[in-house]
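Notes follow the structure.
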Amino acid sequence: MGSISKAQLAPLPRTEVLVYWVLSLGSHLYSFYQLHRFSKEYEVGLEREFQLEKGLVKGFKRDPLDFEWNFWTDWAKHSLLWTLIGHAVLSRLTSIFYPKLRVPALAIYGFLAASSVLGIKGVSVLLVHLGLSFSMAQLRKPALSWACNLLLLYTPHINELQDIQRGWYESDEEHYLLLFSVAVCGLRFISFSLEHCWSPEDQCSVVQLCWLFSYTFYHPFFYNGPIITYKNYIEQMQKSAEESNRDESALSYLVLRLGRIILWWCIAEYMIHVMYMHSIQSNETYIEILPPWALGGLALAVVQFFYVKYLVLFGLPSMLATLDELVPPKLPRCVSIMYSFTGMWRHFDEGLYRWLIRYIYVPLGGSRHGPLCKMFSTGVAFGFVCLWHGGHDFLQYWALMNWAGVLVENSLKSLFASTFIHSVVEQNFSAAMKRRCIALVFAFSTAMLILSNLVFLGGIHVGRIFWKRVFIHGWSTMAPPMLAFLYCYAQIGLEWTPHPL
């Protein structure tokens, strides 16, 4: 099932595909409209309980409960946007006049920009982590490097250290920025350590330390990613320094990409002005009384907002990295055409996916040593992601659901690839019917994928109520039409994406 490429998938009649498009877009818009109506109907109560903010547009309120969006928006206005502009200007000037000095200049600038926000004490924490990770990597023992870096990643969760670090800052937001920086830099330290352990021993330690410093404090990726491996970073930076491209097309790229980022920001802000999905999902009573269409709208709005949010959060750093002639991970793929757990992990955060594959999945054996090894390698990867995000109870449920989803999809893939099943399918189903059957299977996968994302984004209570309302109480009334619409989404995904898995 998963090995079928788009070339092997039968094209469906244009009328049928058009019906899928109309039903998919129509269900999105109508469910959003119903959620909007519910938001306006209960606006007074939501404002009293969750302090809805005054909207950017007169007559509208604004849902303030997405912490991540508000956090990064505030920091962008406060300083981050300006330091990113400074990075872009410095990068352009040095690439034109002093291309050999561009990499050290950007490293020093990134360090100073981080120091201006995190303070000397905050940056000192990162430098201590960098030094310990670098020193342990010199032993060229991957297991020891892993142990060291995992301990460093755990340090922000030690209560005594938290209290000390919190005392360095006037607000919790500044402390959170340090925690985010430690978590993201931790992935970079692991990447460097393992690449160093796997590399030849004739490399100069001082040069390696300088590259690690540059990799760690590369400003566009410093706080929130996206993730790029150490190996790719130094190869691309060395190549860009040698070529020193001065193509004037960079200006047109900048204008077009910046326009897209502004459009994504406007869409995200529009969503939280007309649909108070984060406030609604924070109160179980509201989720319980949502009409069926509004309930579906809530699920779609929460995951779609998450997608648009990361188009902005990853879009701006990726744009600056591209101008620096790096090759950043692709931006997240639209979640409405994501129809499998495997596809979600491959295409939403491509940088993190590649990192997990290179440093956890493949070294543990992956698919090379049979299904049990593959199951174990996948489980460890999901376990690491859970711990890296904080290891809270809802993250544990989310990681288990994703692990189970990937295992089921891989099992079905192996089952459909078996000689007996394959021959039965070929003899009894037309090519078009095979595609319809694949989409039907993916409709169930998409339902579980959305449920897991609701647990991740809203908490266990959100997932529990959705499960109860849709699959327990609504198994005969809500689940069938929901699966029918998810079937349409899967067909659009199969039409849109080059590979089913």
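Note: Cβ is positioned from N, Cα and C throughout, glycine not excepted.
In TrEMBL this protein carries:
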TRANSMEM  105-132  transmembrane segment
TRANSMEM  176-194  transmembrane segment
TRANSMEM  206-230  transmembrane segment
TRANSMEM  251-272  transmembrane segment
TRANSMEM  292-312  transmembrane segment
TRANSMEM  437-460  transmembrane segment
TRANSMEM  472-490  transmembrane segment
Candidates 105-132, 251-272, 292-312, 472-490; stretch with most C-beta pairs under 8 Å toward the transmembrane segment (206-230): 105-132
Long-range environment of the transmembrane segment (472-490) - Cβ separation under 8 angstroms, sequence gap at least 6: 19-20, 23-24, 27, 292, 295-296, 336-337, 339, 438-440, 442-444, 446-447
Residues from the same chain, set at least six apart from the ends of the transmembrane segment (251-272), whose C-beta lies under 8 A from its own: 56, 62-63, 66, 69, 278, 301, 304-305, 308-309, 311-312, 315-316, 319, 322-323
